[in-house]
Amino acid sequence: MRHLVWFRSDLRVADNPALFEACVNGATVSAIYIDCLEQWQSHGRSAIQRDFLSRHLQALSAELSQLGIDLTLLEVARFSDVPQCLAAWLAKHPHDALYANREIAIDERRRDKAVQAHLKNTPSIHVFNGDCVFNPGSLTTQSGDMYKVFTPFSKTWLAQLRASGFRLLPPPNAQAKPLTPRDIELKGERVSSNHWPCGERAAAQRLAQFCESHLYDYGHARDYPAVAGTSGLSPYLALGVLSPNQCLAAIEQQLGFLPMSRGEQGFAWLNELIWREFYRHLMVAFPQLSMNRAFKPDTEGLQWSQDSGAFQAWCQGQTGYPIVDAAMRCLNATGWMHNRLRMIVASFLTKDLHLSWRQGEDYFMSCLIDGELAANNGGWQWAAGTGADAAPYFRVFNPTTQGERFDGKGEFIRQWLPELADVPTKYIHSPHDWLNQHQPAHQYPAPIVDHKRARLHAIAMFDALKDNSREHLSPHELSAQQQAQAMLKELDQEVI
Ligand SMILES: Cc1cc2nc3c(=O)[nH]c(=O)nc-3n(C[C@H](O)[C@H](O)[C@H](O)COP(=O)(O)OP(=O)(O)OC[C@H]3O[C@@H](n4cnc5c(N)ncnc54)[C@H](O)[C@@H]3O)c2cc1C
């Protein structure tokens, strides 16, 4: 028997259900990765993440070759080319079965459906959940629907964890003598990701170190960007170099138990992993989320601003609000941003500048090393007030008080805004009067909006959507609903 493993966003040998199952029964196993450069570009993914991906493919090739498994890189332009490419490769390299872990975004699901139709079950296709602790779609309300609110979802998720535990798979046994790994190098624009150590072992080490030193005070420390209080594991989770099951196992190993409720040690971190799952389960149940649609259809009617100058100022960290600017310059320089800052800059873009969350989502994707659709879309729609269990529309972060609370001494701000280095801490969150007085030649911009007025405008934008007397759906709601139904119909019967 010859088994083929198709690697996608699961670049690891440990706890990889597709790889593990392909390797049982003494089959001869080989592996492929299909790179689609144009698709990558059209999904707007970043050059730093592409570099990280390329390095991880090389590392995966080395890991697999130790197990006697050869990893081949196939290259096509777009997902639509995949069925033919795979069929042609399989014609030259016949296999009895194809193993893969499920991907959840709409284009990937369409690609997989096309592959399934093209191959006509030769070889047979076997698909697994390697991306979430519980398979998206498997946790539903009593009426069989996906939860739209996080808390009941997390309760069911925890109940399932109590009932069934989680399944952690070891790396498979070696299938043959070690091979010489192939050199794998992706084409396309890349920005160095060398700051992030590469490989499963590096990810496992970071996970263990985080659990040992930061799990206990995560609930408090996670909010302060100047402190290394979060795990920094998102780039690894996004490419599947690390699995959520491995995170659960590390928590359990550290604490001797799995925390199951708020207030228990370690629960705050586990809760973030449940948020990750929530957004992934939502994406499967509501495929329109992959297509730029708002989760709340009525918010499709929001009148976003078209001010390209304001957008540029936000992108470049030139808004005149120090915490926003420091966060954006950090993102531009490193490809990563702390969660508290992601919430602040997302609120600022949508509720102070009144620019569409779609612009922010795209910009993040083009910069982030951990960019991934479900969490990015979920985070942006949460901040904009258009998403599932989103921040209430009248809750608008005040960028100045957020800075005061979470970067009180201005350490993070000074790290990224050298022009504010001399501003006394007392004035660091509103530095303009001080700068004008003491450094008249300074280059730091004045605030591009007045927060108080901008906040009222944002609330008015949402209020304008309310029309309680309306009996019929608006054109926005109708088209969103129709698109959602069409997609679910289209994806019915999918195997992968
Ligand atoms: C506007 C916005 C955009 C975002 N875009 C992304 C994105 O493209 N990719 C991404 O991985 N995360 C995204 N997040 C979620 C979160 O900011 C990052 O996961 C987190 O900052 C990564 O740092 P960490 O690994 O140190 O996280 P930790 O705090 O250590 O959390 C552990 C893991 O839990 C998951 N996680 C944590 N917070 C969230 C959350 N709010 N939603 C979903 N998963 C979460 C991540 O996988 C993270 O690695 C976004 C959040 C917002 C508000």
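Cβ coordinates are placed from backbone N, Cα and C, and glycine is handled just like the others.
Per TrEMBL, the features are:
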- TYR218, 230-234, TRP269, 272-279: FAD binding site (BINDING)
- 1-133: domain 'Photolyase/cryptochrome alpha/beta' (DOMAIN)
- TRP304: site 'Electron transfer via tryptophanyl radical' (SITE)
- TRP357: site 'Electron transfer via tryptophanyl radical' (SITE)
- TRP380: site 'Electron transfer via tryptophanyl radical' (SITE)
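Neighbour count (other Cβ atoms within 10 Å of the Cβ, all protein chains): 22 for TRP269 (FAD binding site). Proximity of TRP357 (site 'Electron transfer via tryptophanyl radical') to non-local residues of its own chain (separation of 6 or more, Cβ distance below 8 Å) is seen for ALA346, LEU349, THR350, TRP380, GLN381, ALA383, ALA384, THR386, given in sequence order. When the recorded positions TYR218, GLU277, TRP304, TRP357 are checked against ligand 1, none has a Cβ within less than 6 Å of one of its atoms. A Cα-Cα distance of 35 Å separates SER231 (FAD binding site) from TRP304 (site 'Electron transfer via tryptophanyl radical'). If you draw a 10 Å sphere around the CB of TYR279 (FAD binding site), it holds 24 other CB atoms from the protein chains shown. If you measure from the Cα atom of TRP275 (FAD binding site) to that of TRP304 (site 'Electron transfer via tryptophanyl radical'), you get 27 Å. Around LEU273 (FAD binding site), the same-chain residues at least 6 positions away in sequence with a Cβ under 8 Å from its Cβ are VAL133, PRO244, CYS247, LEU248. Under DSSP, TRP304 (site 'Electron transfer via tryptophanyl radical') is assigned to coil, being neither helix nor strand in the three-state scheme. In the three-state DSSP reading, LEU233 (FAD binding site) counts as coil. The average per-residue pLDDT of the prediction over the domain 'Photolyase/cryptochrome alpha/beta' (1-133) is 97, rounded to a whole number. For TYR218 (FAD binding site), other Cβ atoms within 10 Å of its Cβ number 22. The local packing around TRP380 (site 'Electron transfer via tryptophanyl radical'), expressed as other Cβ atoms within 10 Å of its Cβ over all shown chains, amounts to 26. According to DSSP, TYR279 (FAD binding site) sits within a helical segment. All protein chains considered, the CB of TRP275 (FAD binding site) has 18 other CB atoms within 10 Å.
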